[in-house]
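Engineer: Shown below is the structure under consideration.
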Amino acid sequence: MKVNISIFGFGTVGRALAEIIAEKSRIFGVELNVISITDRSGTIWGDFDLLEAKEVKESTGKLSNIGDYEVYNFSPQELVEEVKPNILVDVSSWDEAHEMYKVALGEGISVVTSNKPPIANYYDELMNLAKENNAGIFFESTVMAGTPIIGVLRENLLGENIKRIDAVVNASTTFILTKMSEGKTLDDAIEEAKSLGILEEDPSKDIDGIDAYYKAKILHWVSYGEPPEEEERLGIREVRDARNVRLVAQVSKGKISVKPRKLSSDNPLLVEGVQNAAVIRTNNLGEVILKGPGGGGRVTASGVFTDIIKATLKFPNLR
């Protein structure tokens, strides 16, 4: 059976996802068929070569430079209404993408996303809309990239009371703090992170804790089914001694906090490089510890791809 997919956003993650789909287009008896791709230059829609699209984007910077295919200038809402995919995949950084999700879910189209603000800010509305229209919304890669903390909370710990989550969920600040502990200044560490493509498009989202805040808010929604009442956010700009310091997101019922914390040398959150880690404290299991890579195109795309498979298996009507 064939599942038609629209990819919205064709940056590093989108292109890595295209590569994975090309490698594994037939899986669990399902054929994954990408029928449209959208970047800032427009939308290609129809029977095109996925890897050719990837190569054109990488070599020219614009999907619209692809050869023999018509390029459409759809609005995000028009994209959903005209293309009518079975699954809409958002791997963009568009903060207002929830409006597109609402159109898709209202049409019974499942949504897979790695985009944090729409889930953090509109979780309840989107989940209810999905339920009303027998669709799904999947967002594993919004937190810890491909390391499956969302799946663990939504599926594997359903019988547990989540007492607290402590997590290092921003790989960029971990990299920067690691470099600062080796003697680099904040500015020099930021420049090195930029040169390696580790930082977000707007570095302030990482440095000021905004990215980690969105992730903490998503973890609160998933763990407790409601928004936090208390919020605290402090970035890493004021850190002077970075030795054993990490930007830690702490989530408990009604409260989220994101701020730098000095950790003991045996703390599982004291990860290096671009690693992420989380300690989930539960009533029966005690501490559940997750560690894994927290960024990178292929790593994030892996989580997105897993969500695409989950969507096809959970909603047979897609096929």
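Cβ atoms are placed via backbone N, Cα and C, with glycine included.
Computed from a predicted structure; not experimentally measured.
According to Swiss-Prot, the active site, proton donor annotation covers Lys215, on the basis of sequence analysis. The NADPH binding site annotation in Swiss-Prot covers Phe10, Thr12, Val13, Arg40, Lys57, Ser92, Ser93, Ser114, Lys116, Gly296. What Swiss-Prot lists as NAD(+) binding site is Val13, Ser92, Gly296. Swiss-Prot lists Val13, Arg40, Ser92, Ser114, Lys116, Gly197, Glu200, Gly296 with the feature NADP(+) binding site. What Swiss-Prot records for Glu140, Val143, Ala145, Thr147 is Na(+) binding site. What Swiss-Prot lists as L-homoserine binding site is Glu200, Asp211, and the listing cites similarity to another entry.
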Engineer: Just checking: which of Phe10, Val13, Lys116, Asp211 have a Cα that is within 10 Å of the Cα of Arg40 (NADP(+) binding site), counting only these binding-site residues?
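Structural biologist: Near Arg40 (NADP(+) binding site), where near means Cα within 10 Å, the binding-site residues are Phe10.
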Engineer: Taking 10 A as the limit, how many CB atoms besides its own sit near the CB of Lys215 (active site, proton donor)?
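Structural biologist: Taking all protein chains shown, Lys215 (active site, proton donor) has 26 Cβ neighbours within 10 Å.
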Engineer: Given Lys116 (NADPH binding site) and Ala145 (Na(+) binding site), what distance in Å do their CA atoms have, once rounded to a whole number?
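Structural biologist: On Cα coordinates alone, these residues lie 11 Å apart.
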Engineer: Reported as an integer number of Å, what is the Cα distance between Gly197 (NADP(+) binding site) and Ser93 (NADPH binding site)?
Structural biologist: 15
Engineer: How big is the gap, in Å, between the Cα of Ser92 (NAD(+) binding site) and that of Phe10 (NADPH binding site), rounded to a whole number?
Structural biologist: 7
Engineer: Pop the Cα-Cα gap between Ala145 (Na(+) binding site) and Ser114 (NADP(+) binding site) into the table, whole Å please.
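Structural biologist: Checking the Cα atoms of Ser114 (NADP(+) binding site) and Ala145 (Na(+) binding site) gives a distance of 8 Å.
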Engineer: Of Lys57, Glu140, Val143, Thr147, Gly296, which binding-site residues come within 10 Å of Lys215 (active site, proton donor), going by C-alpha to C-alpha distance?
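Structural biologist: Those close enough are Val143.
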Engineer: Which residues does Val143 (Na(+) binding site) neighbour through Cβ under 8 Å, counting only same-chain ones at least six apart?
Structural biologist: Lys116, Ile149, Ile150, Val169, Lys215, Ile218, Leu219
Engineer: Give the distance between the Cα atoms of Glu140 (Na(+) binding site) and Phe10 (NADPH binding site), rounded to the nearest whole Å.
Structural biologist: 18
